[in-house]
Number of protein chains: 2
Amino acid sequence: MKTKEVTPHTLEIVQGGSITSPKGYKAGGLHCGIRKKKLDFGWFVSEVPASAAGVYTTNSFQAAPLKVTQESVAKENKLQAVVCNSGIANACTGEQGLQDAYDMRKLFAEVLGVEEHLAAVASTGLIGELLPMEKIHGAMAEINDEKHGGSEKFESAILTTDTKEKGIAIQLKIDGKTVTIGGAAKGSGMINPNMATMLSFITTDANIPSEHLSQALKDITNQSFNMITVDGDTSTNDMVLVLANGLAENEALSPEHKEWDQFYQGLRYVCEHLAKEIARDGEGATKLVEVTVEGATTDQSAQKIAKSIISSNLVKTAIHGADANWGRIITAIGYSGEPINPDKVSIYLGEIKVVEEGVPHPFNEEQAKDYLLQENVAIHAQLGDGNGKGIAWGCDLSYEYVRINASYRT
Amino acid sequence: MKTKEVTPHTLEIVQGGSITSPKGYKAGGLHCGIRKKKLDFGWFVSEVPASAAGVYTTNSFQAAPLKVTQESVAKENKLQAVVCNSGIANACTGEQGLQDAYDMRKLFAEVLGVEEHLAAVASTGLIGELLPMEKIHGAMAEINDEKHGGSEKFESAILTTDTKEKGIAIQLKIDGKTVTIGGAAKGSGMINPNMATMLSFITTDANIPSEHLSQALKDITNQSFNMITVDGDTSTNDMVLVLANGLAENEALSPEHKEWDQFYQGLRYVCEHLAKEIARDGEGATKLVEVTVEGATTDQSAQKIAKSIISSNLVKTAIHGADANWGRIITAIGYSGEPINPDKVSIYLGEIKVVEEGVPHPFNEEQAKDYLLQENVAIHAQLGDGNGKGIAWGCDLSYEYVRINASYRT
């Protein structure tokens, strides 16, 4: 069952779609015992080697699995299979941790019968603990058992403090062929620019060389995954991986292809959807907040200001309390470090104008409160200084965030 | 009554000391009706015009009183009197707000009989509301009434969500004369680098030209007020003002004076004390957290890393929960943007080593929990890369922070 979505380009959302919606992908997940009860070990695999591209955390303490995965991708820019555990991040684990990540890749490739450099590994969870390798071994032995199959199991196995699975698939036409793009993600805490404790896996059956896939992913990541924040902390383990196995049999995509933009917007849609789902499901979050900044001198400047607003604890707590405290929004604009003209700034909460050209604009407090009580809140700042535009997503800051994080480890 | 403090230089802390401890200063405060019950209008004045220096918020939306005060100081680098209201910040108030700040300065100067450019004005509180000028007028008429006198009334009148007054005075000898330095401050929310909703007023009877006073204040602010954070938000109204009226009759101080360092360390002590008190009294705070970073390539780099750690919501919630979650500390070091060598980083909670050269160091969880349950918590990171050192101060992130800020305005 499909529904039509009205966008500048025609793309269809696959109801119940996932990373296995594109041709030639299988996925699964199981409980191997790293976490108490929840699934903690997942994988997906393509029938054939796929063009691959990745974006990785900018944190100096990059976790062991990221090093191993980058090594895999570097070999010939292809991947065929990805394995991921939750519960332990295998970060800050020194030589032993690196060896464990290599072993995890080796075992996984062996059990699937793929070449080792076509396998990627990912981990998420606590920092500073070694993987229980005997449990990983046990899990590997069960990968080929049909009963563990299913994309929903994969989606579940990669979660940590997330409250729900995040999956999507869309379809579009290229060269008259149906191309499908699917995705799965986990987020929740340590979510901030330039990756975060965020893992995102995207699959497609499009035929696209890795160089163009890689460029598209980088561009789109800067407008999606890098524009969300939950708490401003960027983790050691974040990555986005895209696999494109070519089974849709379209002509090879490149920016010169007449339908390139169609594919690009489709990939963007999937990334933006997953990014927003991550923000909405931030630790303790009760709302998705979208901040749009227009009229900045450049897009980059607008993005930075949007991030400054959505990262402010004071803005986030005000929204949690449904308090139209625009002073905190204007303050966050003011300390963004970007050039602004205070006398030209106007601010809207949804459609309600609260600041006009730097001074308060009268508004109905009750109406504003009702608006802020909704699950989706939009903040809009018009700077009046140019054509730069940027959008960022985040969530409110709640008691629950403090509760979760004051006791996460112990 | 005085007690001896052992520091590299001999300085004595004046018990119960305040901004009126130095010779020739008077202060007072009263309730003029901006706030419901609490004092909301305070002032202090020097017998004679004093050398003056200020440091102001870097927020682009600088509030009206800051513009007026900077204009006063710019005239001849002298001030004689300062007035401050709490409850309304007079920020984002356009032309009318600026006119109100000018009127406030004019009225204040008139009632004290000082020249207008020797008067400074400050405001703190809600953004976007106009000052109730009739109440300000009423307050001015009472300034000379003795019953409103007293530094403790001033300290109280400048507070917003602070839970207690913050005052100090120290004494030291210069040229055989007793020089006293006093200070008062308010903080609580929107506390972050480069000022914050932070007001700090320092008085001294030292004889020091404004150019040297100004340089010392800038240097010291970068190591004290700019090294604290409560929530990462930098407000529109922050400033630090220092007045030096020369009544101690020491020879004019300059970096060439043989006892310059004595004065510098005294001023630093006062600023650091006030900065730490502001951090300790952050909104919802239950602890003062001191982060020391050593072994960085430069002092600036160490300061930036220390700020990255103390600004992390995840570190702050872990400390609130007395959870020795060093993974969050190492993560914050890693995303600071500063060059670090992950394999050389060691981390201590107080005296307890938890990370040694990038990998976990075994420690007793109960002992660490007991340590983190204390009111003063020290985090120490040794980067092993150089001689750079920096210290930052902050507080934990509690339920109470969310409660205060989800309902501050309404």
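Cβ atoms are placed via backbone N, Cα and C, with glycine included.
Annotation comment: TrEMBL describes B:Thr160, B:Lys186, B:Thr197, B:Glu283, B:Asn405, B:Thr410 as substrate binding site. In three-state terms derived from DSSP, B:Glu283 (substrate binding site) belongs to neither a helical nor a strand segment and is classed as coil.
Per TrEMBL, the feature active site, nucleophile maps to B:Thr197.
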**Message:** I'd like to know which of these binding-site residues, B:Thr160, B:Asn405, is least surrounded, judged by other CB atoms within 10 A.
**Reply:** B:Thr160
**Complete:** A Cβ under 8 Å from chain A is found, among the binding-site residues B:Thr160, B:Lys186, B:Glu283, B:Asn405, for B:Asn405
**Asked** If you draw a 10 Å sphere on the Cβ of B:Glu283 (substrate binding site), how many other Cβ atoms land inside?
**Response** 28
